[in-house]
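Copied over from TrEMBL, here are the features:
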- 4-184: domain 'Formyl transferase N-terminal' (DOMAIN)
- Gly14, Ser15, Asn16: N(1)-(5-phospho-beta-D-ribosyl)glycinamide binding site (BINDING)
- Arg70, Met95, Arg96, Ile97, Leu98, Asn110: (6R)-10-formyltetrahydrofolate binding site (BINDING)
- His112: active site, proton donor (ACT_SITE)
- Asp148: site 'Raises pKa of active site His' (SITE)
Amino acid sequence: MLTKKIAVLFSGSGSNLEAILKKVHNQIFNGVKIEVCLCICNKPGAFGIERAKKFGLETLVIESAKFKNREEFDAVLVEQILKSGADLTVLAGFMRILTPVFTAQIKAINLHPSILPLFKGAHAIKESFESDMMIGGVSVHYVSEELDGGKLIAQRAFEREDGMSLDEWEAKIHAIEHEILPQSIIKILTKEVNV
């Protein structure tokens with residue numbers, strides 16, 4: 001049986017990491033077993049580290065704040081990912097802008113809480129909520145040198161409900177994220193989408 005390995009990078013609570021671990025890790029899809037071989041977090045004390053432990057996985061903590069620049073940090077990420085043998089790297093709430101040191105060497109996908117190309121960057125949820133848009137949504141895309149600008153893999157939208165609060169908007173986005181990211185991983189690693 002063919003096994004495909006993924007590395008998951010995160011910065012915070014790790015809810016998308018947990019969705020991957022529940023829905024994808026050590027499971028078989030179209031004759032392909034998918035396993036999480038590496039978890040990396042750039043923030044010590046992030047709750048996602050505990051989520052990984054529940055599934056028997058240790059998290060490698062590489063503190064981005066301890067590096068002189070982004071390129072040095074990215075070089076260490078690349079080294080660890082290549083060493084792990086990961087076939088795909090998944091940015092699941094990884095709050096770092098990556099440099100060409102990373103993007104030129106690692107095949108990665110990113111989860112973004114908006115319908116790209118709208119609302120790029122770190123404040124997409126708040127910005128999309130405060131806009132006049134009648135829809136919100138989630139995108140999964142390949143990581144490229146352009147921030148939130150790589151080729152799209154999947155998108156899912158929802159309609160704004162009357163009187164919807166920011167918390168409700170954010171909860172809807174997270175619920176979609178927990179579905180669309182595992183589905184995208186499966187499609188890529190079982191060759192249902194072009195890599």
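Using N, Cα and C of the backbone, Cβ positions are placed for all residues, glycine too.
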How big is the gap, in Å, between the Cα of Arg96 ((6R)-10-formyltetrahydrofolate binding site) and that of Asp148 (site 'Raises pKa of active site His'), rounded to a whole number? 11
Around the C-beta of Asp148 (site 'Raises pKa of active site His'), how many further C-beta atoms are within 10 angstroms, looking at every protein chain? 20
Out of Ser15, Asn16, Arg70, Ile97, Asp148, the recorded positions in the record, which is closest to His112 (active site, proton donor) when you go by Cα distance? Asp148
Would you count the other C-beta atoms found within 10 angstroms of the C-beta of Arg70 ((6R)-10-formyltetrahydrofolate binding site) for me? 15
If I restrict to non-local contacts, at least six residues apart, and a C-beta distance under 8 angstroms, what lies near Ile97 ((6R)-10-formyltetrahydrofolate binding site) in its own chain? Arg70, Leu147
How far apart, in angstrom, are the most distant Cα atoms among the (6R)-10-formyltetrahydrofolate-binding residues Arg70, Met95, Arg96, Ile97, Leu98, Asn110? 18
Sparsest Cβ environment (other Cβ within 10 Å) among binding-site residues Ser15, Asn16, Asn110 belongs to Ser15
